[in-house]
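This report concerns only the one structure given below.
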């Protein structure tokens with residue numbers, strides 16, 4: 001089979017599988033967050049946490065919930081890494097160094113899953129399970145909860161209540177993520193992914209590290225987390241043994257962000273509102289796939305940093321999907337991609353990860369961008385913009401702008417300082433423009449909570465550990481607070497009736513406007529930086 | 001601040017409850033089910049041919065170059081315009097051409113580039129074909145027999161690849 005046909009066939013299978021589950025999963029997720037009843041397990045958890053699940057929260061309390069939960073998660077994850085040598089299954093790997101533990105704790109709590117450590121040498125199975133696996137679930141559930149709160153902001157009117165964060169968090173975890181992850185963990189094992197409590201396995205006299213991979217692998221992709229159980233991530237044969245596991249993993253990465261557009265349409269009472277967002281996500285995803293795949297197929301040494309069994313198309317589809325969401329799992333080394341191909345993966349993150357974006361984060365990011373797009377359209381026709389029956393006034397547009405601008409601000413400041421620090425020179429793995437790309441990619445990945453890397457860069461010194469840690473924090477929580485404030489202010493409003501002057505947000509005009517805004521914001525912000533890195537490399 | 005502390009306290013309790021569920025019960029259930037026959041060998045990677053193993057001697061097929069530091073996995077992360085690495089690739093190409101007794105332009109891409117994991121067990125059918133005469137000579141097997149073994153270890157739906165780890169085991173059992 002020619003690589004072109006093979007690649008198109010894989011894309012076809014992927015799209016077909018997503019289409020099959022789109023409605024049932026999207027509708028299921030809508031019901032999960034609408035339903036009034038609680039299951040027994042959930043009630044037990046609420047009782048243990050002393051939470052009244054029927055009490056609804058204001059946006060500020062909801063936000064304090066997100067921040068408080070994330071804060072204790074960071075502390076807990078830091079402590080168990082620092083105490084690893086007293087936990088079982090540590091295989092003498094010892095306590096994780098303070099800087100690395102700090103960075104990793106933030107990384108997994110913010111759904112970034114950036115890894116400054118080599119798992120096989122640093123992380124034992126206990127920390128992987130009770131620390132990292134747990135955050136793989138709950139950080140994704142936090143994203144879902146924030147997205148749902150924003151939808152409620154649009155749907156509700158004249159109220160200061162957005163729902164209960166603890167209920168949304170628990171339901172997202174137990175009713176959506178956990179059952180799907182469990183089933184797919186077993187499917188992955190059936191296709192050859194490992195699940196061992198031993199530290200390694202002897203293969204013809206050679207020891208290869210092993211781990212309880214499958215359980216974490218399933219939620220790693222499903223929760224758009226991306227932190228590898230093993231160093232080579234989804235390139236490792238134990239994490240991703242073949243062509244079918246590769247497709248399953250890409251499917252898991254995309255399935256929730258894609259189906260959430262259906263959830264959104266259902267909750268706002270008009271499916272078309274969701275389809276139009278999906279079409280924008282799909283168009284940019286497909287366009288970026290063409291760029292990355294095309295660049296790699298025509299690269300100088302396309303097989304460097306790629307697994308032969310996964311092939312160039314299988315690597316490109318994965319790379320496009322992992323950077324278009326906030327996943328950051330990799331099945332090939334983006335650092336070894338061509339200038340254009342690697343630049344494509346970088347640009348994908350710089351779009352703000354809404355094509356289709358991470359679990360929950362993708363939906364709220366594109367909704368924020370929709371507000372920006374409607375604001376721009378409002379400026380053009382000189383009319384107060386509206387979206388989904390809500391007026392977009394000063395408060396709403398300010399919140400949207402803060403949410404959008406947080407990422408570029410921390411990214412460019414961080415990368416700018418890193419580029420002039422003398423110590424950075426020794427951290428790079430490649431000279432010239434590609435070296436700058438390694439820095440840019442690191443800060444783009446951290447600030448967008450992606451987690452993939454141009455992995456040649458050595459990020460274990462104190463500057464990188466702390467600055468990238470802060471980028472992850474700000475890149476995660478500034479947008480979340482802004483989005484929840486936005487949701488609160490939308491929910492307080494009255495519904496405005498649709499009139500002949502209302503710009504419809506279900507047609508091609510809106511889709512074009514939204515696509516244009518996504519591309520324009522990224523282009524205006526990042527072209528100078530990109531010109532010095534990947535663009536310079538691609539033109540050489 | 002008071003509200004933040006109150007919410008953090010609730011958060012800690014929720015986190016502990018979810019840690020029991022997601023960090024203990026979930027992975028142990030998956031592990032438990034993976035003990036079933038049919039899944040057990042996969043879970044423990046028993047006799048696995050998923051990872052490359054470098055075998056000493058001319059009678060074995062050679063996998064792709066590796067940049068991994070075993071037992072951990074990893075790749076080179078070298079960009080395509082990295083001149084130092086271009087030299088490394090040229091050296092590999094010359095070495096392979098000499099080893100197999102062919103001209104340098106016959107050496108395929110996968111033979112000179114490192115994979116992402118450093119554990120890629122596969123090579124292209126072209127690279128396998130290149131190695132057949134040497135393996136046949138050194139193992140005492142006929143060229144036809146070696147080709148047959150290559151064919152029976154060639155698989156793939158979208159990309160056709162030859163599994164070196166399994167192939168070398170087949171060479172072992174055929175030549176002993």
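Using the three backbone atoms N, Cα and C, a Cβ is placed for every residue, glycine included.
The transmembrane segment annotation in TrEMBL covers A:62-80, A:137-155, A:176-197, A:247-264, A:276-295, A:363-385, A:397-421, A:467-488, A:509-531.
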*asked:* What residues elsewhere in the chain lie close to the transmembrane segment (A:247-264), defined as a C-beta under 8 angstroms and at least 6 residues from its ends?
replied: 10, 13-14, 17-18, 21-23, 25-27, 29-30, 33, 140, 144, 147, 151, 176, 180, 184, 187-188, 191, 217-218, 221-224, 234, 240, 271, 273-275, 277-278, 281, 314, 317-318, 321-322, 325, 327, 329, 331, 356-360, 362-363, 367
*asked:* Which range wins on Cβ pairs under 8 Å with the transmembrane segment (A:509-531): A:176-197, A:276-295, A:467-488?
replied: A:276-295
*What parts of the chain pack near the transmembrane segment (A:276-295), using Cβ distances under 8 Å and only residues at least 6 beyond its ends?*
7, 11, 257-258, 261-262, 264, 312-313, 316-317, 319-321, 324, 337-341, 344-345, 347-348, 351, 354-357, 362-363, 366-367, 370, 505-507, 510-511, 514-515, 518-519, 538
*Would the transmembrane segment (A:363-385) count as touching the transmembrane segment (A:62-80), i.e. at least 3 C-beta pairs under 8 angstroms with sequence separation of 6+?*
no
*For the transmembrane segment (A:397-421), which stretch among A:176-197, A:363-385, A:467-488 has the most Cβ pairs under 8 A?*
A:467-488
*May I ask for the residues of the chain that lie six or more residues beyond the transmembrane segment (A:363-385) and have a Cβ under 8 Å from a Cβ within it?*
143, 146-147, 150-151, 257, 260-261, 264, 277, 280-281, 352-354, 357, 391-393, 396-397, 400-401, 403-404, 479, 482-483, 486, 501, 503, 505, 510, 513-514, 516-518, 521
*Can you name the far-off residues of the same chain, 6+ from the ends of the transmembrane segment (A:176-197), with a Cβ under 8 Å from a Cβ of it?*
28-29, 32, 89, 125, 137, 140-141, 144, 210-215, 217-219, 222-223, 238-242, 244-245, 248, 252, 255-256
